[in-house]
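What follows is a short report on a single structure.
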Amino acid sequence: MIGSFRDLGRRGLFLLDPETAHGMSIAALKSGLVPTCRVSNDPRLRQIVAGLDFANPLGMAAGYDKNAEVPEALLKLGFGFTEIGTVTPKPQPGNPRPRIFRLVEDEGVINRLGFNNEGHEAALRRLQPIRGNGIIGVNIGANKDSADRIADYVAGIRRFYSVARYFTANISSPNTPGLRDLQARESLSALLSAVLAARDDEAAKAGKKIPVFLKIAPDLTEEGMDDIAAEVLAHALDGLIVSNTTLSRDGLKDQVQAKEAGGLSGKPVFERSTVVLAKMRRRVGAALPIIGVGGVSSAETALEKIRAGADLVQLYSCMVYEGPGLPGRVVAGLSKLLDRERVASIRELRDSRLDYWADRKV
């Protein structure tokens, strides 16, 4: 049923501009029009990462459910976890439209949304009534006009502490001017110190410690990766998400849309993001949790991220082309791949192709 929905839905949605289509997909999930997917609870896929119990390693990346409108509906598609946001303290409209572009030949997407969202309070109101064991992460960012961006991240930690299962500090979007400057070593040190101090303060009050991840860009030099790894380890951060969208346009077939400004995601970013993932795994060692994201379109590509060093994986853009049945197919496909590999846990395959990916150039 989901397969036929995918084919009909894609044809219909692709007649619309991408942002309108996205809004309609959110509305469909809200109204229950999208069929749910019952994935088997394969114990081999279960992971304990950063103290959280994931039924399977596949998550919905931030960017789809910016305003926490459909986290529970997304979990019913087969995802083991989902991440809302990016949310900023104040509502902001983002950049002018058009700001999302499909690269159909490449199965990629370029966006220059600019953290458009309804702000902390709107997302918090939607998250507070949610009950259940589903893992919902909160991706936090800074307002475009903020005079103190680090304070915006601290505000996100404090505001969502009662509802987040984990936090992601997003400092890697290319669509907010100057945001990626927070990846520079001195700025990153100040950010991590402030964010983790706020987390520890809230943890002392709440009696629970919520893990904090850092989402980084794929457009990093070797020196830049060295600096990030050093600061992450020095501050005892809980984990990394590798990676956000890229500014690179290497190898694209659609040279017309490729000229649009913004971050590229989907299948074209798989290789670059996986190389950076492996290089970061090599730098931070075996213990630090890493979530791999970028170009995951199948069980095979999800497993390749894990082989390159990821504990968990996320997807988003490839669902634009594959439809809402994709997470269920990926999870079922991972079980079949584990049958073939004859392993008791998917964790046994982590890092099995680390050197292959880490030795490649970005």
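In case you wondered, yes, glycine gets a Cβ from its N, Cα and C as well.
The FMN binding site annotation in Swiss-Prot covers Ala62, Gly63, Tyr64, Asp65, Lys66, Thr86, Asn139, Asn170, Lys215, Ser243, Gly266, Gly295, Tyr316, Ser317 and is backed by sequence analysis. For Lys215 (FMN binding site), applying a Cβ distance below 8 Å and a minimum sequence separation of six or more within one chain yields Ala62, Asn139, Thr168, Ala169, Asn170, Ile171, Ser172, Leu240, Ile241, Val242, Ser243, Asn244. Following the DSSP three-state reduction, the secondary structure of Lys215 (FMN binding site) is strand.
Among the features that Swiss-Prot reports, substrate binding site is placed at Lys66, Asn111, Arg112, Leu113, Gly114, Phe115, Asn170, Asn175, Asn244, Thr245, with the record citing sequence analysis. Secondary structure at Asn244 (substrate binding site), taken from DSSP and collapsed to helix, strand or coil, is coil. Around Asn244 (substrate binding site), a 10 Å sphere centred on its CB holds 26 further CB atoms from the protein chains shown.
The annotation active site, nucleophile is assigned in Swiss-Prot to Ser173. Around Ser173 (active site, nucleophile), the same-chain residues six or more apart in sequence whose CB sits under 8 Å from its CB are Thr86, Gly114, Phe115, Gly141, Leu179, Arg180, Asn244, Thr245, Gly263, listed in sequence order.
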Legend entry - Neighbourhood of Tyr316 (FMN binding site) by C-beta distance under 8 A, where only residues 6 or more apart in the same chain count: Met60, Ala61, Ala62, Gly63, Tyr64, Ser265, Val293
Legend entry - Cα-Cα distance linking Lys66 (FMN binding site) and Arg112 (substrate binding site), given in Å to the nearest integer: 14
Inset, instruction - Tell me, if you would, which residue among Gly114, Gly266 (binding-site residues) has the fewest other CB atoms within 10 Å in the structure shown? - result: Gly114
Legend entry - Structural state of Asn139 (FMN binding site), classified by DSSP into three states: strand
Legend entry - Pairwise Cα distance maximum in Å, FMN-binding residues per record: Ala62, Gly63, Tyr64, Asp65, Lys66, Thr86, Asn139, Asn170, Lys215, Ser243, Gly266, Gly295, Tyr316, Ser317: 20
